[in-house]
Amino acid sequence: MTQSDVLVAEPKPEPEAAAPVRRHRRPLAALPYVIIGIYLLTAFFGPMLVDYDPVATSVKGRLLPPGSETATGTAWLGTDGVGRDVLAQVVYGARTSFIIGIAVVFLSGLIGVALGAIAGYFGRLPDMAVSRTIDVLMAFPGILLAIVISGLLERGMHVVIIALSVGGWVGFARLSRSITMSTRERDWVDAARIMGVSKPATLTRHIAPFLAGSVIALATIELASAVLSEAALSFLGLGLPPDVVSWGQSIANGRDYLATAWWITVFPGLALTILVICIGLVGDKLTRRYTRTRD
Amino acid sequence: MDIRTRRPLAAAAVSISLLMVTAACSWSDTPAVGAGGGGTLNVAGPIPIENLDPHGAASMDGGTQLAARAIFSPLVTATGPGKFKGDLATKWAPNEDATKWTFTLREGVKYSDGTPVTAQEVVASFERVLAAKGPLAGNFGGYSVDAPDKKTVVFTSKTPDAAFLGKITSFFVTPEKAEKKGFFQKPVGSGPYKVSSFEPGQALKLKPNADYWDGKPDLNNVVFKSIPEVSARMTALKTGEVDVTWGMPDDQIAQLKSDTNLSVDAVPSPGVNTMWMNSGTPALKKADVRRALWQAVDFKSIVESLYPETGSLADSVVSPVVLGYAKQQPVKYDPAAAKAALKKAGFDFGTKLRFQYSQPQFRQFVEAVASDLKKAGVKVDPVEKEQAVFLEDLLAMKWDINIQQIGSQGFDAATNLGRLYPCAAKRTGYCNKELDKDLAAAGASTDVAERKKLYAKATKTIWDDAVGMYPMFVEQPYSWRKTVKGLKLAPDGMPTFADVKVSE
Amino acid sequence: MIHYLAKRLAIGLLTIWGVVSAVFVVIRLAPGDQATVALGPGAKAEEIAALRHSLGLDESLVVQYFSYLGDVATLDFGQSYRYGRPAMQAVLERFPATIELTIAATVIAILVGLVLGVVAGHRPGSLVDQAVSTFTLGLQAVPPFWIGIMLILLFALQAKMLPSAGGGSFPHLVLPAITLSIPFTALVARMTRSGVAETMTEAFVQTARSKGLTETQVLGGHVLKNSLIPVVTVVGLQIGTLLGGAVVIETVFAWPGLGQLLVSAVGNRDYAVVQGATFLIAICVIVLNLAADLVNAKLDPRIRVEARR
């Protein structure tokens with residue numbers, strides 16, 4: 001939500017454009033893309049290479065430090081409290097994170113853009129309803145919703161996706177509402193209206209295209225925050241069931257062993273942090289590009 | 001524009017000074033507590049003290065019971081299985097069919113404000129418990145109470161209740177004014193200590209009660225602190241910020257043992273890790289199947305690896321410190337035999353068994369069990385539930401396997417076997433008329449030997465029919481600084497501190 | 001202005017009603033109630049029914065809802081069954097700790113954020129700017145709960161400089177405040193940076209320079225003042241978010257605040273406390289947002305016309 005505020009509240013052109021020094025293209029600029037690529041490859045192919053069964057424990061080989069030999073090979077990143085391989089958890093966790101992140105962004109983006117565009121274009125009652133709902137959601141502790149949703153439904157990935165989307169659409173709605181509001185005053189929209197194009201058609205044909213760029217930028221940022229929120233939920237013990245591997249769960253599981261077995265917490269957290277930072281960097285770039293073209 | 005922008009800066013300055021003030025107050029507070037003279041005992045148990053009312057919603061809460069033992073007086077306290085010591089009461093006796101329990105009160109006991117404890121207040125306190133309909137009241141369904149004279153209190157039950165003494169150990173007597181609003185913010189009791197301040201969920205500070213009937217305690221101060229985070233509690237113990245703690249996870253104990261300033265010990269507790277198998281689930285209907293599942297899990301390895309300090313392989317349904325304990329033939333780990341038995345009993349290997357638990361402390365245990373069952377070809381779906389959801393589903397029988405640590409209140413099997421295993425309890429899906437009869441008879445007899453015999457028979461039935469798996473007896477670990485003398489390790493994790501001394 | 005204020009207040013009240021109602025419904029949708037939780041796993045069905053009756057939980061939801069709305073209107077949040085005292089009292093006991101944490105985090109964020117932002121924005125595009133900007137972007141993205149754990153690992157368990165968890169003293173405050181401030185610091189830094197960078201190009205900066213003022217005087221006296229507007233707004237908007245979002249951080253550090261209370265009250269299905277705590281958080285968020293909007297509207301009339309329809 002923090003980032004969506006920036007997207008909405010930063011209508012001014014970036015001073016970078018006006019900066020006197022023209023910068024050279026940095027070779028490091030590609031780094032986030034490369035790293036995200038590596039994560040995607042890991043998420044996709046990793047599970048085929050690394051063999052891991054989240055249900056199989058071996059209590060006799062628990063809490064082994066990185067590099068230890070276990071019954072099934074070398075545990076490069078150590079083993080956790082029930083003797084499962086931490087490296088495998090990092091690899092499988094990547095897949096979980098992407099599935100949940102992408103699903104949440106898709107779902108909340110769909111709902112948010114639709115509601116936001118309707119509110120912004122039609123104004124009056126629809127706007128009233130959507131805006132007040134947003135107000136309520138923003139003043140409502142998200143944790144409560146998450147607890148209730150995970151209590152009402154049987155634990156699973158879909159529950160986490162729903163729980164995160166319930167709060168996630170707000171950013172999209174606010175963004176598309178404000179863009180739609182400013183776009184509908186443009187000449188070509190007026191023209192379309194005068195020519196008798198129906199309201200829904202105007203909305204989809206003449207306004208929606210202007211949303212695309214900013215929405216994609218926001219989607220990137222929301223992807224990072226969804227990955228983060230999933231981990232936070234699992235960390236609080238409200239997220240995924242124990243048989244789905246997730247970074248948040250690994251971090252939470254290792255919390256009691258911080259003094260004795262730091263690796264359980266550190267490696268999954270590192271994986272999470274690097275990914276989220278890279279997505280954030282890309283999102284920032286997109287945001288800058290689209291906030292600039294919008295004005 | 002220029003003038004306006006100053007405002008937020010000024011606001012920021014105010015915030016900073018505010019922060020400094022709060023910080024400064026708290027900072028000077030800490031050493032005062034740590035070094036408060038020769039007689040301060042700092043205690044941090046695993047459960048925060050959130051409510052001092054021993055009669056209401058939190059009456060069976062670990063934190064409330066712990067505080068109650070320091071502030072209030074019970075009629076009797078348990079000293080072992082079936083053994084009791086008088087506190088407010090000096091004598092007690094049941095009538096022949098255990099429907100009437102008569103207590104004679106100790107004379108001259110006073111509250112810390114100097115007023116005497118009366119029989120009427122014992123009656124009023126008990127009625128307050130019943131009226132609150134809280135967890136403690138559940139023990140006394142159908143009871144009424146009366147004080148025929150100044151030093152006698154009679155409890156009358158509609159049905160025979162031989163385990164009444166065990167149950168009444170959780171009952172504490174409060175003065176008449178307990179009815180007043182805000183009384184339990186700083187209550188007055190007749191226990192060894194009196195309250196000097198109470199911040200719910202954070203700190204309870206006590207002073208000795210000079211009028212305590214068994215002699216004023218030596219300590220000048222007892223401070224209960226709430227440090228829910230395990231690693232923080234361990235650090236506080238090592239730095240001396242805390243003198244006593246208990247209920248530490250096994251993985252922390254080795255570290256504590258290596259600290260020369262600390263003593264570590266454990267006592268057998270009434271707790272048993274209990275894994276009921278829902279006999280109402282079609283797949284688990286047959287006792288043969290349930291026994292085979294039990295046989296398929298290598299509990300010995302699991303207990304030894306995960307609970308090297310506080311766990312031991314269980315050999316009964318209730319713990320050895322409980323009245324009614326009877327040793328059973330251990331179930332041997334034999335995956336091949338288990339698989340064969342499952343096949344023979346026609347077990348459907350396609351069923352996925354829902355294995356529910358709520359406390360994160362069970363996560364590793366559950367995962368290890370699920371792993372072993374999977375090796376036997378049994379599919380298990382471990383489900384961690386929020387406590388409220390867990391309870392709701394437990395009562396609604398929406399589970400196949402279930403794990404909890406079950407204790408026996410008052411160290412009497414009546415509160416465990418007698419309450420949870422009759423058909424009417426509808427707790428395990430298991431129903432056996434013969435067992436019902438034995439449990440009812442054991443709960444009604446005043447003859448201790450007879451009760452033991454009946455509970456032994458009931459235990460054998462439950463064990464052999466594998467109503468659940470009973471993998472582990474739980475020990476209660478304590479750790480204290482070596483400056484602390486005279487600490488008694490309470491098996492139920494609710495120690496008293498009346499006889500503790502601190503040497504500097 | 002008065003019309004605007006009235007409208008905003010009306011919207012605020014509507015939002016409160018929405019939050020209050022949503023909490024009422026949502027918490028009752030969750031499986032289990034205070035009777036099940038309080039009586040525990042050994043309870044008999046009739047005992048649960050009796051307690052439910054004595055708590056009024058067996059009345060119809062509509063009846064409960066309207067009596068609840070009436071109570072809220074008179075600011076009566078009822079008794080907490082679990083704590084045995086008024087729910088609002090239990091909530092207010094925890095409130096100062098959360099305020100303390102939030103203020104500390106805000107102060108850190110503003111101080112560090114402003115410095116970073118000015119340093120970066122002073123020379124847009126310079127190496128320093130690039131370094132700081134990348135750093136703040138990173139800050140904004142890191143998972144706070146994990147950073148919290150890492151801080152515990154480094155400063156409490158390894159270096160043994162600070163306590164790892166709990167509340168009550170200044171050393172306890174340091175780690176959670178830093179952790180909570182991280183994303184906020186990044187935000188303030190980025191807002192300040194763009195504000196400063198933009199102001200640096202304005203004419204009066206050139207004038208100030210030509211008057212012979214030192215660079216520090218120019219920055220402190222002229223540039224910073226003019227770049228603060230967006231920062232004020234963001235601070236106002238974000239303190240609310242911080243308040244509500246402290247839940248995870250409070251859990252990590254066992255900080256005895258409102259977030260922790262809320263989590264355990266939801267766990268105990270202590271309806272009165274959940275409703276009281278949510279009400280208080282909602283009020284704070286709404287009031288702070290309103291304040292930020294007002295300050296904003298006052299500073300920049302364009303916003304009032306444009307953004308608040």
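A Cβ is built for glycine as well, from the same backbone N, Cα and C atoms used for every other residue.
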Which of these ranges is annotated region 'Disordered' in TrEMBL: A:1-20, A:241-260?
A:1-20
The transmembrane segment (A:98-122): which same-chain residues, six or more beyond its ends, come within Cβ distance under 8 Å?
39-40, 43, 129-131, 157, 160-162, 164-165, 168-181, 184, 199, 202-203, 207-208, 211, 215, 218-219, 222-224, 226-227, 229-230
Long-range Cβ neighbours of the transmembrane segment (A:159-176) (under 8 Å; 6 or more residues past either end):
1, 3-4, 7-8, 100, 103-105, 107-109, 111-113, 115-117, 119-120, 130, 134, 137-138, 142, 145-146, 149-150, 153, 211, 214-215, 218-219, 222, 225-226, 229-230, 233-234, 238-240
Could you pull out which residues elsewhere in the chain have a CB under 8 Å from any CB of the transmembrane segment (A:30-50), counting only those six or more residues past its ends?
87-88, 91-92, 94-95, 97-98, 274-275, 277-279, 281-282
